[in-house]
Structures are given as structure tokens and as C-alpha cells.
Amino acid sequence: MDKSRAALIDGKAFAAGLVQRLAARIETLKSTTGRVPGLAVVLIGDDPASQVYVNAKNRQTTAAGMQSFVHRLPADTSSDALLALVDALNLDPHVNGILVQLPLPAHLDAAAVINAIAPAKDVDGFHISNAGLLATGQKALVPCTPLGCLMLLKDRLVDLSGLNALVIGKSNIVGKPMAQLLMAENCTVTVAHSKTRNLPALCRAADIVVVAAGRPELVRGDWISPGATVIDVGINRVERDGKSRLVGDVAFAEASHAGAITPVPGGVGPMTIACLLSNTLTAFARQHGLADA
Ligand SMILES: Nc1nc(=O)c2c([nH]1)NC[C@@H]1CN(c3ccc(C(=O)N[C@@H](CCC(=O)O)C(=O)O)cc3)C=[N+]21
């Protein structure tokens with residue numbers, strides 16, 4: 001029997017290409033303006049997964065020719081101390097982008113911290129001002145993960161207009177901005193979540209499925225319409241055959257009849273970091289009155 005294979009959407013390779021193009025532009029900026037973009041990352045506490053991500057980001061920021069400023073603060077940092085650091089970074093001319101690693105320890109108010117970041121330096125795109133600009137079709141800094149997903153979708157499908165898109169997950173960080181971006185591309189967008197009824201049927205009607213549910217292998221193969229494009233945002237660490245493994249929110253092995261699918265790892269994750277660097281360059285350019293790329 002001919003068992004066709006879904007095309008693999010190689011986020012890792014796409015991200016590497018994007019970072020290469022960013023590095024070239026940064027090199028040019030350096031020779032014309034004498035400046036390079038700077039990214040400040042604030043990490044509170046010692047969550048091991050957050051450490052790994054911040055280290056990867058620090059390495060790639062430097063490799064792309066940008067300045068990286070990492071601020072590691074103890075888990076019991078006070079709200080006042082954190083807000084004072086954010087204020088200082090807002091005023092620092094060498095810092096063009098600010099990222100406060102989430103989740104924060106429970107005693108800190110994430111929304112208050114995010115909204116204290118100068119919107120022009122909010123390279124996560126989480127500030128209410130950027131969320132509002134995106135929702136109303138104005139020039140915003142767009143959250144990195146949905147921005148990366150959209151790049152992969154446009155690379156694959158070119159024109160998304162009129163397609164049925166299902167977004168599973170309604171977080172402020174992924175689901176909501178993803179839905180906004182897909183609406184801006186003239187998709188017919190459905191947003192599903194943990195209380196949604198008959199998710200399999202909604203999924204079967206979708207040309208595009210973006211899954212950001214945070215539940216390992218939630219989406220089964222028989223939920224996916226033949227030829228659909230599947231973007232798996234999930235990164236779940238699970239025990240399998242006595243080993244620790246990463247799996248997505250989609251049962252990847254069951255999805256061979258999809259048109260195309262992102263793997264985990266090597267799909268959306270690397271795009272998130274590449275888009276963070278892209279947003280930092282965008283923020284730098286706008287702060288210096290230069291044109292967007
Ligand atoms: N303010 C804030 N902004 C963030 O963007 C943010 C955050 N907080 N908190 C934590 C999450 C997590 N995150 C990841 C980014 C890239 C990979 C990534 O590149 N993963 C690789 C490798 C994964 C591995 O091997 O462990 C992959 O999927 O192929 C993973 C996770 C950004 N986050």
C-alpha cells in the first residue's frame with residue numbers, strides 16, 4: 001500500500017535562515033549607525049527549563065551580532081525591585097528589547113510587570129498596547145511564537161485567504177494573537193479550548209490547525225483532514241519507554257495524511273527564538289526612525 005507522508009515543515013532550518021538574514025542586516029546597521037540592537041532578558045528564580053531557554057537565547061542573540069544583557073534575579077525578588085529594573089531597562093539606550101521570562105513566581109503580578117515595559121521595547125508583544133494594536137490592525141510588536149507560526153504557514157501556503165483555520169488554545173501569548181494574525185490574512189478562524197465541545201469535528205473541518213493546548217498528543221490523527229497544514233506549538237516532556245522525550249500537542253506518528261506538519265522538537269520552538277531576534281531588530285529600527293525590514 002502506498003502510505004503517503006506529510007511534508008515536514010522544518011522550523012529549525014527556516015529559523016536558521018531567518019537568523020542569517022538578521023545577522024547580515026545587523027552587520028550593515030553596525031557599519032552605518034555604529035550601533036547594534038540590544039536585548040535584555042530578565043529571569044527570576046532558577047526553573048531549569050527557563051535556564052535552558054534563556055541560555056539558548058543569549059547564545060543566539062550574541063551569534064547574530066546583537067548585544068545580550070541577561071539579568072538573573074532570585075526567586076524571592078520583590079515586585080518593587082523588579083519594577084525598578086524594568087524602569088532602568090526602559091531608560092537604557094543600549095537596550096532596544098526587554099523580555100521578562102514567564103512564568104513568574106506566584107507572588108509577582110505578571111500583567112503589572114509586562115505592562116510596565118515600554119511598549120516600543122516589548123519584544124514579546126505581550127503589553128496591552130501591542131495586543132491592542134495587533135487586534136486593530138495597526139503596527140505592533142507581534143508575539144514571537146504566533147509570528148513564527150504565521151511565517152511557516154505563509155512559506156508553505158503563500159495565500160491563506162479564505163482558508164478555515166482552527167486555533168486550539170486561547171492564551172494571551174499564543175492562541176489569541178495567532179487568531180488575530182490569521183484573521184488579518186483573511187482566514188475563517190475558530191478558536192477552541194479545553195471547554196470546547198466536539199473538538200474532533202471542528203478539527204476535521206480545518207485547512208489549517210494551530211495547536212497550542214499544552215497537552216501531549218491531544219490531537220489524534222483521525223481528527224486531521226487529509227492535506228491539512230498542522231502547526232504544533234506544544235513542547236511537552238514525557239516519559240516513554242523509560243526515557244524522557246519531547247512530544248507535541250499532536251500525535252505526530254498518526255498524522256501522515258496531513259499535507260504538512262511541524263515536528264517537535266525542530267518546529268515552532270526554534271522559530272520563537274528567531275522571531276525574538278527579529279522583533280529586537282524591528283524595535284531597534286523603529287526606535288532609530290529606520291524602516292522596517
Ligand atoms: N517572556 C517569555 N517569552 C517567551 O518566549 C518564553 C517565555 N517567556 N517563557 C518560556 C517559553 C518557552 N519558550 C521556548 C522557546 C524556544 C524553544 C525551543 O527552541 N525549543 C526547541 C528545543 C527544545 C529542547 O530540546 O528542549 C525545539 O522545539 O526544537 C522552547 C521554548 C519561550 N518562552
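Using N, Cα and C of the backbone, Cβ positions are placed for all residues, glycine too.
Here's what TrEMBL has on this protein:
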| type | residues | note |
| --- | --- | --- |
| BINDING | G169, K170, S171, I235 | NADP(+) binding site |
| DOMAIN | 9-124 | domain 'Tetrahydrofolate dehydrogenase/cyclohydrolase catalytic' |
| DOMAIN | 143-287 | domain 'Tetrahydrofolate dehydrogenase/cyclohydrolase NAD(P)-binding' |
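Everything TrEMBL records as a feature, shown here on the structure.
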| residue | record | CB count, 10 Å |
| --- | --- | --- |
| G169 | NADP(+) binding site | 24 |
| K170 | NADP(+) binding site | 18 |
| S171 | NADP(+) binding site | 16 |
| I235 | NADP(+) binding site | 19 |
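Once the Cα atoms of G169, K170, S171, I235, the listed binders of NADP(+), are compared pairwise, the greatest separation found is 16 Å.
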